[in-house]
Every structure is written in structure tokens, then in C-alpha cells.
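Some notes on the structure that comes next.
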Amino acid sequence: MKKASPQRPSVDLFNEFSLYLIFASTCSSDMKRYSSRSLGLILISLLLETETSHVVSSDPVVAVADDDVILPCSLLNFTKSAGLVVKWSRSNLTDTTGKDKVVHFYRDARDSNVDQDESYRGRTSLFKELKNGNVSLKLSRVKLSDEGNYMCYILVQEPNSLVHETVIQLIVVAVSNPVISINGTNGSGVVLKCEAKSWYPKPEMNWLDSERQVLPAGSAETRRDTEGLYIVRRHVTVNKKVTNTFTCRVQLQKFNFTRETGYNIPDEMFPTVPWVWIAVPVLIVCVCGLVFGFMWIKYQKLRKKIDFADQQIQELTDELDTREQELTEQLAKLKQERAALVSSVDNGCHRFSFSRTLSMSLSNKPLRRNTMAHSMTEKADVKEDEETNPLHQTIRTT
């Protein structure tokens, strides 16, 4: 332990040794032993009648590589800087013996960075508000290797022994402005290439038009350089528009970091279309239109003929239905008339047959006499005819 400066207030030797013992016990960076270390710190503080506090920052601190960052750490209701000891260390930064390496050390009202890790040499400083309890650490020219959990230990010896411990997570990102270039033409459009180097972690890249609408583009090409940083490249084919202004946007949405680059393409950069490329499609469209029109007219004519034939078929069908009904009625009427005639004939035949039978029964003999007389008369007539007819005479002579 180093010799105290004359300005340092005198304290009991036992208390001084105990306080430094407490501070030493809090300066371990092994996160697996962190809970037991805090418990031991509280027990020792209770034995020595000191106050202790432990704070874990819920929100991580995000820094951009090569920029400066502030790691916050402070004590409330602190007015004096006398007897103040501050140590900053990192959880995953230890020496060969497993002890924490010092990021920054403040004691006896001055910086004491003899044991400071070489990677932080000349890049750390405390805030100049020690009297107000602000012992935040300013880390300059942040590197990707600086990412990790930082512990701030504060020991106040007077007026009351006080130990304070704060854990801050530092996240380091790397960003850069994208670069746009023309990568040739494709048909009537221009191919643009956007390339963003030195990004960490892996970013997202999109192309935007002048109305801030995302353009359909090819898939992004991603690779890593020798330092582990990401290089992203993406192409897009754009056609001539009113403004011809396009934007490449690269962003880390999780950490709300965005970089954009705009590009305006001159009109003369767009390829001119030969007249043949225009005439051939127009000619094809015209021929297709004529063929379609001819087929449409022919179809309409056939449609009219079909409709007329359907109309005639319907008229004939209606006429046949009407004639069938009329013929059916006439047939029924004829059947009725025939039945009446048949009935009349049957009645007449019965009457005639009865009358003849009655007459023959009443005059049977005179009928026979009349019959004989009639036969004789017929024979006399035949004889007379034969005598008077020359033909009959010739036949008889022969």
C-alpha cells in the first residue's frame, strides 16, 4: 500500500486497513463470483459499520467505434472529494494471475494509473465533478475490443465509511457512410451499386426512391474483412423517372443507427431505345388487334345465325304444338260422329230385319207364286232378246 499524502485526513489504522480490505475485495472482475463478492462486501461493511450500495445499470451504453463515450457512475449526497478512491475495471480483462486489470484508478485526489492496462493507456479520464459525486469515466477513441461489462468501485473514507459499486454494459458498434456508383446498364435501366464498409454488427441495406419507398433490389452480399468488420454490397436496376434521385440506406435497427447516401442519375446516363425495339412491339400489337377484330366480327355473324335458327325452331315448335292440339280436337270430334253413325246403323238394321221377317211370315204362298211368275217373265224376255239380237242369231246358227 502506498504512502498517504499529507492532505489526506488521518484515520484510525485499523479502520484504514479495513476499508482498503473492503475496497480490494470489491475489485475482482470475475462475474461468476460477483454475487458472493457483493455479499462479502456487505458483511464486512456491517462489521465495520460502513454503508454499501450496489447498482447494476439496466440500459447499456452504446458507443460508435473511434468516437468518445461516457460510462456513468456517481454517488448521491456526496459533497467532499477528500479520502475518495475510485477504481474502474472490466469483467473480462484479467492478468495472468486472474486479477482484474485496471482501466482507471483514482486515489489521493489524483489519477494513479501505474497498473493501468496498456490498451487503455492515454484514453481514460474522470469527470471534473468529483465534489458532486460524479466519477463517470470518459473513454476516448473507442475500439471494438472495448466492448464488455465495466465495474465502477467507489470508496469514501470520511466522514462515514461508504462503498459503492456500479456495473455498466458497453456495446460498441461500427458504422460508415455508404458509397454509390453506377455499375452499367440493364435494358433501358441503369444498375446502381451501394457498398458500405466497416460495419459492426451486421447491418441492413435498402434502396429508396425519391418518395422514400423501398425499391425491389437484388439480395445483399455480405462478407467480413480482416478486422472482423462487415462489408455489405447491394445492386438495384432503376428506370428513368422525373427526379432520378435514389438513396442507399444502411442501418442497425436494434441500436437506432442509420447512414444514408443519395445519388442523382443524369438523363443522358439512361440508354436510348432503338426505334426497332418500339416498332416491333407496336406492329405485333396491331396485328393481334386486327386478328382479334376479324375473329370477333365472324363470331358475331355466326352468333346472329344461330340466334335466328333458334328463333325459327321455337316458332315451328310452337306451331306444331298448336296444330297437334287442333288435330287432337278434330280426331275426337270424328270419333264421336263415327260412334253416332255406328249407333244409327245398328238401330236401322234391327228395324229392317224385324219388318222383313214379319212380312215373309204373313205372305209366304203369294210370294212363291210371284216368284214363279217372275221367272217365267225373265225367260220370255231372254228369248225375245235372243231372237231380235243378230249376234245371238249368228251364235245360234253356228
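Every residue gets a Cβ built from N, Cα and C, even glycine.
Ranges compared are 299-344, 345-390, and TrEMBL records coiled coil for 299-344. Broken down by DSSP into helix, strand and coil, the domain 'Ig-like' (67-154) contains 9 helix, 41 strand, 38 coil.
Within the domain 'Ig-like' (159-258), the DSSP-based counts of helix, strand and coil residues read 0 helix, 62 strand, 38 coil.
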